[in-house]
Ligand code: TXA
Ligand code: MG
């Protein structure tokens, strides 16, 4: 794949195993120290890493991803020492979050120090930090001796990668290397919480839920689109860092949600008939239970991607981006998506990503 800016380079694929772990991480750390870009798995999604304190290397991330300038990058850190290098005036509550959720899928936005270049923070006075719960990025940060700027390793506007092949589909020829460490455990991006305001604000929901955060630091304000609030769904003004469009597939996604699982299945059936009668090609993104509502023949005729049981949002979250990528590449007119998954645990983040991907939403 040729990079539009003409910087076609060979992207090395570094397959990591127990046996070669040290050699591979040393190799990747050297690429980073020399100012290169390396993609790698984390427990959430694959990230694209470069020295986060060097504006020239950070620019390479923006170019490779075609990321709009001004959209802030977060930094992956390995230790409390790393944090002191880049953040100041750290509130007590932020330290509590670090103690509770790090290493893990929580990005904490703090006041930044001048060591962090403007390009990294998107000209904001703040910086998002995360200590990932994954051996590869932790060792890489340690051995590269610098916090890594590491956004998700996809082209801007595409879904985050949960497999190395997704990274290559988007960024081959644009980055120096990808470490193939298999599928990511969670499959959705981290929760982002801004600790520079009071009450703290959740900018993006991930595997760490609102309730879990509130147990540790008290009241917080969710501001991501589609958050459930007392009066229904929240569609607030976008905050800094939320201005840029999230992933929406090229193919129209129609999401069906409702309290009754039976009604959701029925409605997907009705919509399927409607679209088919117009001669359209339809894709189905379904829970196993909703798939059970259709005959094997119906499922065979249409492109169908199963996300697993609606009672297990963890499994569905892991497969969601793969499902959206697969169906979006199938040349369809519409994707009918099942919103009947449990909202507990990772379900809140799963439903949030489905709502963001969808341009039409049916509530039954
Ligand atoms: O799980 C993750 O967070 C993954 C892995 C690779 O670590 N990374 C990731 O990065 O999803 P990215 O850049 O694709 O998403 C980070 C989100 C963006 O929506 C960005 O706008 C927001 O966090 N963000 C970063 N720094 C911010 C800041 N200082 N203030 C507000 N929002 C910020
Ligand atoms: Mg991203």
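Positions of Cβ are set from backbone N, Cα and C atoms, glycine also.
Keep in mind that TrEMBL annotations are predicted by a computer and have not been checked by a curator.
It should be emphasised that the depicted structure is a prediction, and the values quoted were computed from it without experimental measurement.
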Same-site L-threonine binder from 15, 67, 130, 174, given that TrEMBL records 44, 150, 190: 130
Top Cα neighbour of residue 67 (ATP binding site) in the set of binding-site residues 44, 130, 150, 190: 150
Per-residue Cβ crowding (10 Å cut-off), top of binding-site residues 67, 130: 130
Collapsed DSSP category at residue 160 (ATP binding site): coil
Per DSSP, three-state class assigned to residue 126 (ATP binding site): strand
Shortest C-alpha distance to residue 204 (ATP binding site) - which of the binding-site residues 44, 130, 150, 190: 190
Local confidence of the prediction over the domain 'YrdC-like' (22-208), expressed as mean pLDDT: 97
Extent of the ATP binding site in Å [max Cα distance among 67, 71, 126, 152, 160, 204, 247]: 24
